[in-house]
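K.L.:
My structure is below; once you've seen it, I'll send some questions.
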């Protein structure tokens, strides 16, 4: 491409037009990269009034808007001509808008005729002499009425009289509504002096990263055995973040909701069910789950409300006769049932069935974990090792249930089994089927006998268990291959090239779905060897948690020491105390505080070394005899002192303070 260098220097570079910059600007690009200013030059205030008329005409023709252009006056319509005949084409005669109520008449009168220079006004883009808009006071008016809403009233304003009618109906299940309820709004009544601004309670973001996270393993610098970094002094970031989120979920509240304030001994109801289904597919009745707090012990619980309506009329204690048995079942893989009762607290013409369980914050169901993704979550892939863990844990739960002459029944469903921790599942919703099906169960017991009926229910549990594990394993197959009979699904899992299940696991699926009638025998034949691996992993997890707990064990000791320092330093009553002056014996405490937190490096930047702070505080708390140098801020005075001497001075000052 041939470029004329003489003409190219006056041509604007297209790279700047297209991309905003030219990467060859300083590397030999021949085109121009200088952006020409497009702003017009305003006329000078001291310009000569006798300017050439032709020059003014040309300047006015180049302008897009000309203030000297007269207003449009139609002459063909008589009525409109008379209406607009009084308008003046001169800008200085146009009245200035002054809002009513913004200022007194005396003040606004002087603004109606601002002084303007004819030679200056047409060239100004913005007229500085135009008065600024002053909104009217919403509380003061000549006629004691609010003629127009003020911009201030656009905020969330409510009055005591309108607060009850200002509640906005909102869906408590939508994310963000639980922590951020919609603010109420109402129009302020005339002559009302009690208007106040109601701030909505919004959920604040959790400060998970209180310190810098650990770098990826591939970027981690190997350290000698005698060196450690800051991250090794605290629990891992993922574990800390998980615990913080659980704590936040436990303490979450929902103010100004339509839910009842109290249900029996429980209060502070917060919806935690994320299924968005009013009718439960398991119970075939409206069912909702809430997090509540107990008035008795103050602990959080999960409250399930079932609208039994006319399906079941509970008039006595007979439907709850198995609740006492369920409360006695203690198993690590079962969500503990607390109590069951009926209540009219939710309104309506029928009472609701209320069943409360232990609460596990931020727990997912197996359906949310692997099938239907929860809002903001990710689906966990199915692996053979994960399924072995599920089989062992659910088998443990079923054995405990069957030994107490009970049956899991509706609890063996993907939407009722909770994943409370990594590879940790618990059967939830136990005991509800015994209440809802009480009348039918009594008829079956009279026909078959109690033992035969219980044995039948327990065999149904085993079949549901096998079907549940098979459905989870079938998630590894394509969608069109999952809707088959159990025998066909097992054959597909065995012959599929995309699934790598071992023969041992295929035999387990076959035995569980075809032949098993006794869980104890199934446990001995198929799970005995796998249980040893499960116990080993559980003990490794226990050792990990214990090691993390040991790293946090001494945090309270350091916190108490920092609290003492802040109690005694910079108190107002010590301003004139000679002991806290530069020559006083307690001035060392201030120097030690500066030595720990107010250090600067050789470049004048603050030193924020957490390991150094912890090291010095640990030495101070231990009271060792190590001596070091303390220097004041102007570096004119210095003192050599030991940690033991400083600790004694701090203890003495704190005792003096507490004695008062």
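Cβ atoms here come from the backbone N, Cα and C positions, even for glycine.
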K.L.:
Which of these ranges is annotated coiled coil in Swiss-Prot: 490-528, 529-567, 568-606?
P.N.:
529-567
K.L.:
For which of the residue intervals 59-79, 80-100 does Swiss-Prot record motif 'PABPC-interacting motif-2 (PAM-2)'?
P.N.:
59-79
K.L.:
When Swiss-Prot marks a stretch as region 'Disordered', which of 36-60, 111-135 is it?
P.N.:
36-60
K.L.:
Just checking a number: largest C-alpha distance across 304, 358, 359, 360, 361, 362, 363, 364, 365, 415, 416 for the ATP site, rounded to a whole Å.
P.N.:
17
K.L.:
For residue 416 (ATP binding site), name the DSSP secondary structure in the helix/strand/coil scheme.
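P.N.:
The three-state answer is coil.
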K.L.:
Have a look around residue 361 (ATP binding site) and count the other CB atoms within 10 A of its CB, chains all included.
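P.N.:
There are 19 such Cβ atoms around residue 361 (ATP binding site).
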K.L.:
Going by DSSP, give the three-state secondary structure for residue 359 (ATP binding site).
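P.N.:
Coil, per DSSP.
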K.L.:
From the DSSP assignment alone, can you count helix, strand and coil residues within the region 'Knob domain' (568-660)?
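P.N.:
Split into helix, strand and coil, the region 'Knob domain' (568-660) gives 48 helix, 12 strand, 33 coil.
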